[in-house]
């Protein structure tokens, strides 16, 4: 007799029908009055599995199968969230790049356009912002490109702020970049060396503000006026194109953007702007191609990826699926060259969870790139569009367009037809570079983006512009804080040892301190290397001398005054005082990773004997404190005391046990050693379980008996382990530490064990 079907929750959170039969081609069979709820739970589990299947197929490079799975999930009721299609977009971009033989476009070398040029747009470095990885960008690029990674080192840029309520994605990265102020030193140098360029950059910034406020007429007038004075400024042409697009004068916007592409054919932002114009004009397929071209050149261009996600989400929506996914919608996708995609097996029939497991798809993405014979932004159109030549604009670049289709009045026609874009369109070479179909014109040499901004008159080079405000010396390993101030790395670290605030503006640097990256500001260092080589050489010489002085292991050895330490015994430390933070950091930076440990002394500040500690690991806490894992090394005697930057130092000599050569004395020492070792084991085993577990947790297990008693300068390791765990006065322990005779040390330990063994027997 079968029991009624009962819904149960799977470990993954999906609901499955248990106990009831399910038809292969029909809905879930459920009993009782909760049929609607049970069916909703089953459908939810099904589309979640389809989404996971689509992600796995996309990660495996199976584009068509991934498209089918995502479309099926949306039809089953999955929420239409574009951000869930990230893996599908990555697969699509990879396929596009492979098909067109493209490679990711890294930033140009600094020398290509001068040092004071933006790594992203290659333009003048206006309002330079230094990101955490140490590279500098103009604020315009960080705001408008909304980069997720550094263009040069591929390091992640600061994350955007938390998403506001009702927003599926975090706000643009520009919100986070706003927390990073303009670099004070770099901005001062840019204004001092290139005042004209700086003023033009300010004017461009005002254009950006007008566009942001939607004042397109004013922005257009200002851009045209600026271009009359600087006709070769490509940034101004981009601003003018955006003004045209805001006024729905799409043809004029495309002409400006193509003029920019003619000069810089591998600039991802321009492809994105051009795609946005076509998207606003209604040419979805052409826009998609341009967004993919943008991502093929720069896979971290976040706005383009978001637009592709939205387009794919629309194409895969149930409405489009029910219409059969028209060929015009899918022909723009790379590697989908055959008839339009249908989804008979995945979409029309229900499947069990077992049937939705990942299988090898029948069709695979083509691996070999094929030469591109047509325009990359030209999609197959359902209707032929006759193009009419348009007189050239002031930039001399001819355009071929259907003018009525690009006007605001023809917007309704645009939504139904494909645009036969431009006679001069972009092609892709096998080497990954773009070229123009029309070869009669070549990019001009006086482009604003190729001016060598690095040619600085000698009289403008002033070493005081490169001085650290803390040490008043030339920057050495300069770092820039989020508030925009620059310091020597060591100087800033020492300040943050005392308080997590900027030494100049007192802005909180708690997050900067917790990150602990301190990446060198590359541009500032390159400027010093190029223009102040002699001063830098002298500064480096001073630094090397200071480092060598800190590297001595017998003179001016740093002393940590805290507790007893013993050879081979672990000694964990919690370091919170600024002076000891500095001491630990210097020990690591010099490479010695060693310092002395002594107990305090009322007369001489610290004892005459101590033990060197070797740093094994350091765990830094967000507020600058650290937990240092050390182990004891050599014993030493203090010869001379000193002080450096707040912590104690000492000249020392190392202690070694006096070796015994006489055979009878060696046998006697062996007998004493074995006797004390057995006595120590007995005492430890007779301890209460609580005490024994605490000792094992803190010091580890007792070392094994050693065959060669004089193999090391400090004797058997178990002696020091036992001395560390025995509850005796530190002065008594210090006297044992200072002994250079193993026999005397064993005798002392034997006396202590005898005393404690009597207490255990009571």
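Using the three backbone atoms N, Cα and C, a Cβ is placed for every residue, glycine included.
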Swiss-Prot lists as phosphoserine, out of 332, 345, 420, 757, residue 420
Ranges in play 44-80, 81-117, 118-154, 155-191, with Swiss-Prot marking zinc finger at 118-154
Same-chain residues at least 6 beyond the ends of the zinc finger (468-506) with a Cβ under 8 Å from one of its Cβ atoms are 129-130, 134, 179-187, 512-513, 518-521, 524-525, 528, 532, 535-536, 539-540, 542-543, 578, 581-582, 585, 623-624
Model confidence for the zinc finger (468-506), as mean pLDDT, reads 95
